[in-house]
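Participant: Take a look at what Swiss-Prot says about it:
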type	residues	note
ACT_SITE	Asp112	active site
BINDING	Glu37, Asp62, Glu89, Asp112	S-adenosyl-L-methionine binding site
BINDING	Lys116, Asp148	substrate binding site
Amino acid sequence: MQRMIEISSPFFLNPDELSTPADWAAVFGNANPLALEIGCGIGDFIARTAADNPGTNYIAIDFYNKGCDKTCRRLERLAIPNVRVVRDEARKFIVERIPKGSLCAVHINCPDPWPKMRHRKRRLVNREFAAFIREYLAPGGDFYFATDFDDYGIDVAEFMPGVEGYANMLAPDRYRHELEGYHLSKYMMKFMAEGKRIYFVHYRKTAEGAA
């Protein structure tokens, strides 16, 4: 069981104190486009990405309290104003707090690959999840997935063309091992230093996929 750390940071949100769905313009104090990172880790990816895109508001969600705390500390240290951090289970949070058709981007970087065959049904990103998250993307919204696990990367790259309402932004490739302009997290760089390859998948919601 994870040790719960009390997080007292202006960047940290208690999901139970948000409306259903949340009024994100009120939370951020502006109506800028809204993006979501699922699994923020220690916050290095979201900090760099948000700093590069000050006109976008970012929600960084993680189930682990320690990661949320480290992310908040990083944001405070770097004074990055356009991120809010939430500790919650991803799908539950999305259903309860994110308005459908509101996200300009979703980032999922190196989620648990559940490598054992009998556990793979526990993977976050599968065909059903891709269809689910599409409902929360705005038309033209981007879906980014990255993993260091070969089987996971190939699996996502293989099923995504069959999910309706998306366009492959890497076509004719189904995945790439480099994605220009996409920040690498500490974990990605660690995996690459070990000789592993990162699989990047990038799709965009089409107008036909509008909710």
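Glycine too: its Cβ is placed from the backbone N, Cα and C atoms.
Buried or exposed, and what's around them? Tell me for each listed feature.
Facilitator: Other C-beta atoms found within 10 angstroms of the C-beta of Asp112 (active site) number 14, with every protein chain shown included.
Counting only same-chain residues six or more apart in sequence, the Cβ atoms lying under 8 angstroms from the Cβ of Glu37 (S-adenosyl-L-methionine binding site) belong to Phe45, Ile46, Thr49, Tyr58, Ile59, Ala60, Ile61, Val106, His107, Ile108, Asn109.
The Cβ of Lys116 (substrate binding site) lies under 8 Å from the Cβ of no residue that is in the same chain and 6 or more residues away along the sequence. Classification of Lys116 (substrate binding site) by DSSP places it in coil, neither helical nor stranded.
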Participant: Within 10 Å of each Cβ, count the other Cβ atoms and name the one among the binding-site residues Asp62, Glu89, Asp148 with the highest count.
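Facilitator: Answer by Cβ density within 10 Å: Asp62.
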Participant: Calculate the distance in Å between the alpha carbons (Cα) of Asp112 (active site) and Asp62 (S-adenosyl-L-methionine binding site), and round it to a whole number.
Facilitator: 12
Participant: Around the S-adenosyl-L-methionine site formed by Glu37, Asp62, Glu89, Asp112, list the extra residues of the same chain whose Cβ is within 8 Å of the site's Cβ centroid.
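Facilitator: Residues close to the S-adenosyl-L-methionine site, other than Glu37, Asp62, Glu89, Asp112: Ile38, Gly39, Cys40, Ile61, Phe63, Tyr64, Ala90, Pro111, Leu124.
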